[in-house]
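Below: the structure, in structure tokens.
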Amino acid sequence: MSRHFESAPGLHEEKDAATRGFVFNQTMLRIADPERSLDFYTRVMGMTLLRKLDFKDMKFSLYFLTAEEDLSQISGNETTRTTQTFNRPAMLELTHNWDDTAESADYHNGNSEPKGFGHVGFHVPDLEAACERFEKLGVPFQKRPDDGAMKGLAFIKDPDGYWIEIFDATKVSDVCREHLG
């Protein structure tokens, strides 16, 4: 029996024992203005700042955010909380280089040439309600749920222009079905 749920060229069948305990922990985005980005991710996206680390000698700060709902096990002790931050799945790391400002920094979001990084994604329980809320909050859309060939999902932009895919996980199969060969 395969350890993979699908087949594709390049998959390695045997998991190397040396990788036991590996956790995909974070995706990092560079930000120009921590105040506007933290406002967006905590107010608009509902995330929680788990840890902030200031590297004074190197002049940058890291902000680790989670979308987890139950944070009852998170420690008030900074050392323990740092370990907890780097030990959990799916964190968003925002990196601010202190010399960067909203006026001076222009980050490439990966969706224009040369293409690379594309987006981060958020499941929402009600796509229509979430998009109505984003609209009321003035969040810019890259794609609305009824735009384009892929109906039923949206892309919004964060303050630095990074794309965020918005979808209802219970409906993704329906969204993809007509496009799969």
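Please read every residue number as a count from 1 along the shown chain.
Yeah, the Cβs are placed from backbone N, Cα and C, and that goes for glycine too.
Taken verbatim from TrEMBL:
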type     : residues                     : note
ACT_SITE : GLU165                       : active site, proton donor/acceptor
BINDING  : GLN26, GLU93, HIS119, GLU165 : Zn(2+) binding site
DOMAIN   : 23-169                       : domain 'VOC'
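Around GLN26 (Zn(2+) binding site), the same-chain residues at least 6 positions away in sequence with a Cβ under 8 Å from its Cβ are PHE64, ALA90, MET91, LEU92, GLU93. HIS119 (Zn(2+) binding site) and the residue listed as 'active site, proton donor/acceptor' have their C-alpha atoms 7 Å apart, to the nearest angstrom. Residue density at the residue listed as 'active site, proton donor/acceptor': 17 other Cβ atoms are found within 10 A of its Cβ, drawing on all protein chains shown. Around the Cβ of GLU93 (Zn(2+) binding site), the number of neighbouring Cβ atoms within 10 Å comes to 18. DSSP labels the residues of the domain 'VOC' (23-169) in these numbers: 30 helix, 44 strand, 73 coil.
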